[in-house]
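Structure first, then comments.
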Amino acid sequence: MRSHYCGDVNKSHVGQEVTLVGWVNRSRDLGGVVFLDLRDREGLVQVVYDPDLPEVFAVASTLRAEFCVQVKGVVRARPDSQVNGQMKTGEIEVLGKALTIINAADPLPLSLDNYQNNSEEQRLKYRYLDLRRPEMAQRLMFRAKVTSAVRRFLDSNGFLDIETPILTKATPEGARDYLVPSRTYKGQFFALPQSPQLFKQLLMMSGFDRYYQIVKCFRDEDLRADRQPEFTQIDIETSFMTSEQVMAKTEEMMRGLFLEMLNVDLGEFPRMTYNEAMRRFGSDKPDLRNPLELVDIADLLKEVEFAVFSAPANDEEGRVAALRIPGGAALSRKQIDDYTKFVGIYGAKGLAWMKINDLNLGLEGIQSPVLKFLNESIVNEIVSRTGAQTGDIILFGADQATVVAESMGALRLKAGEDFSLLQGEWRPLWVVDFPMFEKINGNFHAVHHPFTAPRGVTAAELEANPANRVSDAYDMVLNGCELGGGSVRIHNQEMQSAVFRILGITDDEAKEKFGFLLEALRYGTPPHAGLAFGLDRIIMLMTGASSIRDVMAFPKTTTAACPLTNAPGFANPQQLAELGIAVVEKAVKTEG
């Protein structure tokens, strides 16, 4: 039906007859000549119909936006005065000789030109129309090229693309599972995989030493801009490779991807330990474009008569940190109050501040509601450590260390944006040496997942003292966004059983949920390691999209619904009966 894509016609085709198909982006009648902008996935081309062919001209005059048409005509160069440098095809146009309406279009339920006026609900309900917008089409085509490049790299490095099951068994991986009832085994359920983690480890045990898969994963969790109930991972696993080798290979892949797709050289990825990242930036995925850093000052404040500072300064689990903002002395009291409310979102009880109005005047040049609690030597040391200059402001976080990190880390990012401090376009790094466990309500939880190997300890040593142990785990971070994370895996049964016990998983529960893994670990399991990248997130970053919804063809809403298909929906009584399921209606409270 066509000889060329609309966006591919150029000056080399001048004088040639072409057959094009696509959608009418815009139609206008100017002085008896009809101009069409015809659109397909590759772009737009201008088609001109004049009255010399009355029948064809009459059809052209009836066209409206989004009619699907076939055009036949001759390519000609535009006069210099009419060249459109904003269009890829702006040097040429097609003189129409024939026109077929393949399918007419009703008036659209949303605007494709002024899409900002469309609600998110409208865009998702009529996604097949929203995807016709060039911006959306370009993102999906970019995504296809990225997956192709990833496959080429992994294929050329000896990785095998192997599929793993979608219907599997529920395992505790941090989020709720999507469950699928079994008709054959009444009362029993499959789970949709949160990741192929255990299957890819089993593939290593099977001798397939380099595996990859671009795979759908499912998590029933609260959604944010970078979360969806179903998402896509670039999943990788290797045998007989150390964490350093895995990082080197996947860094090579990511650097090559950015060079091929964006002509960006990411350079070498620096390494930073988890503890350093949390200390300096209050985050395990720091945005290094932002020059602001947290500075510890608790040692200066243990004796001050101001409990807001001295209490956390004397608490082993407390922290007092200072954040200098260049030029921040210009902040109004209302703006400081807004920052105080902002850190309150993250659990902070307040936000002390110190304005450096004139450093040459000593204490006289410093303004702060807490100045009366601090002697001159303490103030001077705070100024020295933070590097504060005249015109700056120093903001203080004082609380439990976790609260300070989260609240001041978030404030660091906000202030960096507010004061336009970000430097450079791309700043990657590896974050390494994560804690093996974290304590929540007195119980140990895996920081990554229960199959992550500790670094440099035996099973007995780990179980005897699990606190403060370091895992052999690594995250790739770019511009404050975690692109992917992985680890060396546990490859012996003794260590895996010890980790389960530390996590409060009884031997019986471990046997019921992970018996197949524990048994597999008895039969010559090789050392193995891997990681998974979030493909949607990578595409979002590379294209500058504001949400992963804008780089997925048919995403869900933030309430995990699909307005297009009205999913999820109710099952009919016969289906429920076959599955042995009864739906319990939610009780409704009545007055009186």
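Each residue, glycine too, has its Cβ placed from N, Cα and C.
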Under Swiss-Prot, which of the candidate ranges 197-200, 377-380, 381-384, 533-536 is annotated region 'Aspartate'?
197-200
Can you pick which of Gln213, Gln228 Swiss-Prot lists for the same ATP site as Arg219, Asp220, Glu221, Glu482, Gly534, Leu535, Asp536, Arg537?
Gln228
Grab the same-chain neighbours of the region 'Aspartate' (197-200) for me: Cβ-Cβ under 8 Å, and only residues 6 or more beyond its ends, written as numbers and ranges.
164-165, 168, 171, 173, 211, 213, 235, 237, 449, 451, 514, 517, 530
Quick one: Cα separation, Glu482 (ATP binding site) versus His448 (L-aspartate binding site), in Å?
13
What Cα-Cα separation, expressed in whole Å, is found between His448 (L-aspartate binding site) and Arg537 (ATP binding site)?
19
Pairwise over Arg219, Asp220, Glu221, Gln228, Glu482, Gly534, Leu535, Asp536, Arg537, annotated as binding ATP, what's the top Cα to Cα distance to the nearest Å?
20
Where does Leu535 (ATP binding site) sit in the DSSP three-state scheme?
helix
Spatial neighbour of Arg489 (L-aspartate binding site) that is closest, considering only the binding-site residues Glu221, Leu535, Arg537 and their CA atoms:
Leu535
